[in-house]
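Only one structure is covered here, and it is reproduced in the block below.
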Amino acid sequence: MAHRARWTMSQVTELFNKPLIDLLFEAQQIHRQHFDPRQVQVSTLLSIKTGACPEDCKYCPQSARYKTGLETERLMEVEQVLESARQAKNAGSTRFCMGAAWKNPNDRDMPYLEQMVKGVKALGLESCMTLGTLTDSQAQRLAGAGLDYYNHNLDTSPEFYGNIITTRTYQERLDTLDKVRDAGIKVCSGGIVGLGETVKDRAGLLLQLANLPTPPESVPINMLVKVKGTPLADNDDVDAFDFIRTIAIARIMMPTSYVRLSAGREQMNEQTQAMCFMAGANSIFYGCKLLTTPNPEEDKDLQLFRKLGINPQQTAVLEGDNEQQQRLEQALLTPDTEEYYNAAAL
């Protein structure tokens with residue numbers, strides 16, 4: 001199936017009804033037309049402000065409305081963030097993502113956020129932030145600081161969304177994506193499988209993403225991590241093949257986007273992750289923690305990469321870091337390297 005400018009629900013439903021073997025074959029063919037199938041982009045995600053979020057997202061342990069035992073933390077100091085970015089770079093990541101548990105950032109925090117972006121860029125890393133909804137001015141300021149990507153997930157279909165979140169509308173999410181795009185920042189947006197949604201809802205989510213004026217450059221697909229104390233703690237487990245199918249359809253519908261295995265990898269065995277890569281996933285979060293939930297340790301990822309013959313993708317040289325491409329693969333294999341730029345001294 002050729003890439004379409006706009007998809008219809010019937011076309012997406014047809015993909016969900018397709019035999020999995022045929023679907024994987026189609027997804028892998030499309031993937032190879034646009035990407036090296038042996039290259040996986042590696043990102044690290046840091047929670048720069050944790051907990052006490054006023055939103056009521058039913059899956060999230062950071063909501064102030066749920067008793068999950070999560071300790072709240074104020075916005076991190078800029079140098080603390082940059083030290084984490086150095087460690088991520090030394091471990092082989094090429095993109096550093098910073099997440100804050102806010103409904104939206106306060107203007108008084110913007111100078112610190114801008115410094116974080118500039119510092120991460122000075123390290124030779126791609127930068128990404130997820131801070132909630134943005135104003136036009138805030139998006140422009142982040143773009144001016146050099147932010148590469150902004151993450152703002154749609155989470156699920158418009159029809160099912162109200163069952164999961166009531167404190168932020170679907171349109172607010174779409175509006176933020178528009179502001180990010182208009183500011184010249186690349187868009188990162190995806191969703192979660194396992195919220196209690198139907199197959200039609202999964203199709204609706206992918207339809208929304210693929211039919212944006214410009215599809216997201218990065219599409220994170222999360223498997224629900226059930227956290228005690230949240231309303232979704234007792235949800236049914238996601239069938240591995242259903243998750244793999246969602247990855248494959250995301251690849252088919254958004255052939256030039258990075259499809260990222262995000263939250264939930266700790267729950268997946270190696271075989272499931274391998275099939276996700278075969279289905280067209282070509283990005284992962286690397287490190288022991290995603291915001292506040294577990295993620296496979298680096299050594300496990302390295303072992304799986306070796307078994308599958310996968311290599312970390314080498315990114316374009318950024319901000320004068322002329323050695324990053326040559327060092328990247330070795331850095332991934334040698335996580336304790338001491339080599340890094342001191343952004344604070346720049």
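Placed from the backbone N, Cα and C atoms, the Cβ positions cover glycine too.
According to Swiss-Prot, the protein carries these features:
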| type | residues | note |
| --- | --- | --- |
| DOMAIN | 38-256 | domain 'Radical SAM core' |
| BINDING | Cys53, Cys57, Cys60 | [4Fe-4S] cluster binding site |
| BINDING | Cys97, Cys128, Cys188, Arg260 | [2Fe-2S] cluster binding site |
Once near-sequence residues are set aside, which residues in the chain of Cys128 ([2Fe-2S] cluster binding site), 6 or more away, have Cβ atoms under 8 Å from its Cβ?
Ser43, Arg95, Phe96, Cys97, Met98, Leu147, Asp148, Tyr149, Tyr150, Asn151, Cys188, Ser218
Cys128 ([2Fe-2S] cluster binding site) in three-state DSSP notation:
strand
Name them in sequence order: residues not among Cys97, Cys128, Cys188, Arg260 whose Cβ is within 8 Å of the mean position of the Cβ atoms defining the [2Fe-2S] cluster site.
Ser43, Leu45, Arg95, Thr130, Tyr149, Asn151, Ser218, Pro220
Taking every protein chain in this structure into account, which of the binding-site residues Cys53, Cys188 has the most other Cβ atoms within 10 Å of its Cβ?
Cys188
Most Cβ neighbours inside 10 Å, all chains, among the binding-site residues Cys57, Cys60, Cys97:
Cys97
Close in space, distant in sequence - Arg260 ([2Fe-2S] cluster binding site), Cβ under 8 Å, 6 or more apart:
Gln41, Ser43, Gly190, Ser218, Val219, Pro220, Ile221, Ala281, Ser283, Ile284, Phe285
For the domain 'Radical SAM core' (38-256), what's the model's average pLDDT?
91
Residues flanking the [4Fe-4S] cluster site, with Cβ no more than 8 Å from the Cβ centroid of Cys53, Cys57, Cys60 and excluding those residues themselves:
Glu55, Asp56, Tyr59, Pro61, Gln62, Ser63, Ala101
